[in-house]
Amino acid sequence: MNIEYYNDRYQSNIYKGLEHCFLSSRVVEKIRHSKILLIGVGGVGSEVLKNLVFSGFVNIHLVDLDTISVSNLNRQFLFRSEDVGKYKAVVAKDRITKLCSWSHITASVENIRSRKFPLEFFKQFAAVICALDNHKARLYVNEVCAFAQVPLFETGSTGYQGQVIPILAGTTECYNCEPKPPQTEHIPVCTIRHRPETVDHCVVWATYLFEVLFGNLEDSNPLSDEKEYKVSRLSREWEPNDAGSESVTEKDWEDMTCERIMNKFFIEDLQFIESLKEDTVSSPSRMKVPSQEQLRRHLWNVEEKYSVEDLKLEEQNPHQLVWTSDKAYEVFIFCLKQLLRRWKESKSALIFDKDDTISLAFVTAASTLRAIAFDISAKNSFDVRGIAGRIIPALSTTNAVIGGIVVFQLLRFLSGTHIKDLYNARLSQVPRSRPRHSDEVIITPEVIRPPTAECVICHELLLVTCDTRKVTVRQFVEEGLKEQTKVEPFSVATDEGYIIYESEPDDEVSIESRNTDMSTFAQLQVEEQPISILDESGVHYRAWIRHQCDIPLLIERISSFMDDGCDCL
């Protein structure tokens with residue numbers, strides 16, 4: 001019996017089983033032709049992908065930027081030891097395609113926030129399944145699905161716990177509706193900034209530094225007052241102001257940026273902390289503050305000494321030595337340059353990922369230098385990954401259960417069950433001795449709640465369609481928002497924290513916003529991205545900027561899924 005015959009027969013049996021289950025050939029055809037977007041092909045994602053294919057779904061698009069590491073192999077069954085270092089999405093696609101040749105799987109090795117995924121990309125799918133473990137990325141997926149009006153099935157697992165939450169923003173409670181518990185223990189700001197006592201404090205500081213430089217800076221970040229050192233802002237300082245200005249080469253820009261960041265966070269800040277310590281009776285020990293000459297000599301030739309491959313091999317060795325200060329400085333600069341290039345290519349915020357070699361090495365190097373300065377015992381990159389990720393061991397059994405529940409819920413939804421009649425499903429550990437009783441429940445169904453009244457994502461979304469090359473921020477406000485939203489005073493800000501418009505300009509920040517509000521959306525690079533419209537109480541609307549060259553300026557309010565979709569303002 002050849003493999004083609006086996007695959008055809010197996011696929012036929014799948015659809016026969018579905019028809020017996022749903023008693024409808026129409027539902028089976030709907031399942032067969034539905035396109036599904038799966039974001040994240042890790043522990044839960046691997047299980048979901050397998051279940052989708054064996055449930056009759058043919059057209060599946062995978063998005064995952066991550067590569068396979070040794071730590072993934074114990075719970076992500078699609079991957080083998082020879083796959084370490086390869087992209088998860090690509091390996092998952094190849095392995096499933098060999099297993100089920102009838103499937104049509106597309107793999108994208110991209111950040112889900114990339115502009116390669118505009119709003120129209122999401123609208124082509126019957127449903128989106130989010131299997132990410134990053135809180136900020138999950139918030140973004142939740143929001144973009146609300147803008148695109150696409151059903152979202154939010155999944156996740158932690159140890160013995162897991163959940164599946166069906167979401168239709170505006171109709172059901174969304175991921176943004178319920179505040180999530182903090183993922184880390186609370187550490188006082190002063191401890192992180194000025195008085196670290198353990199290596200954990202140094203690692204937390206290093207992850208915050210990554211956010212300051214490359215991420216979406218939030219007020220909760222203890223270093224949020226250092227936003228002038230964000231790479232997106234530093235890059236503007238090296239751009240020529242006019243045609244006659246002297247151009248700066250990419251290498252010069254990288255070297256100058258590295259030197260400025262190093263001077264700020266490893267000399268100036270430490271000198272300031274040292275001055276604070278001199279005013280106190282306690283803490284008499286001197287801090288180890290490097291000189292500018294010491295830092296400058298590490299800037300050269302680091303790319304000849306290090307490679308991503310070498311760092312990847314090192315991070316997988318639990319017995320590696322803790323880095324010396326010289327090596328930490330060199331690795332920090334090497335990683336900083338790599339991240340600068342990564343940011344320059346994407347022009348979008350980077351998200352710290354403990355399984356990304358460069359991100360992990362950056363945090364390891366920064367935390368090592370911080371620990372050395374405060375005379376704290378540093379950790380190697382293998383240990384830093386555990387601290388930075390606050391890892392609770394992932395269990396393959398939990399992933400398998402969650403992967404089964406989400407596909408079951410998706411099948412029910414596509415068969416005609418209204419999403420409000422589905423259930424949130426939560427898996428929890430039952431602390432009872434064996435044998436378990438027959439009436440014991442470890443998967444708890446919860447009635448899906450309506451959106452909270454305060455949720456902006458569920459109630460206050462605006463879809464802005466315009467020629468982003470021509471429409472300026474001021475034109476958008478004056479000709480569109482000002483007459484419709486009735487919010488006075490208000491400002492407009494990007495997700496990176498830049499104020500691009502203020503109705504009542506004042507202070508230093510307003511000087512910058514006065515210049516930017518005459519720029520077009522394309523010049524500010526905010527097309528196919530959400531922005532915030534704020535009043536004095538906070539975010540009042542979220543707006544998505546969509547480019548379409550034949551439309552001057554159209555603003556639509558996105559209603560709930562139960563309504564007709566968008567209402568033209």
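A Cβ is built for glycine as well, from the same backbone N, Cα and C atoms used for every other residue.
All TrEMBL annotations are machine predictions without curation.
According to TrEMBL, the feature active site, glycyl thioester intermediate maps to CYS190.
Sequence annotations record features per position, and here TrEMBL assigns ATP binding site to 40-45, ASP64, 72-75, LYS88, 133-138. When Cβ atoms from all protein chains are considered, those within 10 Å of ASP64 (ATP binding site) total 25, not counting its own.
Here TrEMBL flags CYS174, CYS177, CYS455, CYS458 as Zn(2+) binding site.
Look at TrEMBL and you will find 25-423 tagged as domain 'THIF-type NAD/FAD binding fold'.
Recorded residues ASN74 (ATP binding site) and CYS174 (Zn(2+) binding site) have their alpha carbons 32 Å apart, per Cα-Cα distance. There are 29 other Cβ atoms within 10 Å of the Cβ belonging to GLY40 (ATP binding site). In this structure the alpha carbons, written CA, of GLY43 (ATP binding site) and CYS174 (Zn(2+) binding site) are 23 Å apart.
For CYS174 (Zn(2+) binding site), the count of additional Cβ atoms within 10 Å of its Cβ stands at 24 [all protein chains shown]. Rounded to a whole value, the Cα-Cα separation of CYS177 (Zn(2+) binding site) and GLY40 (ATP binding site) is 22 Å.
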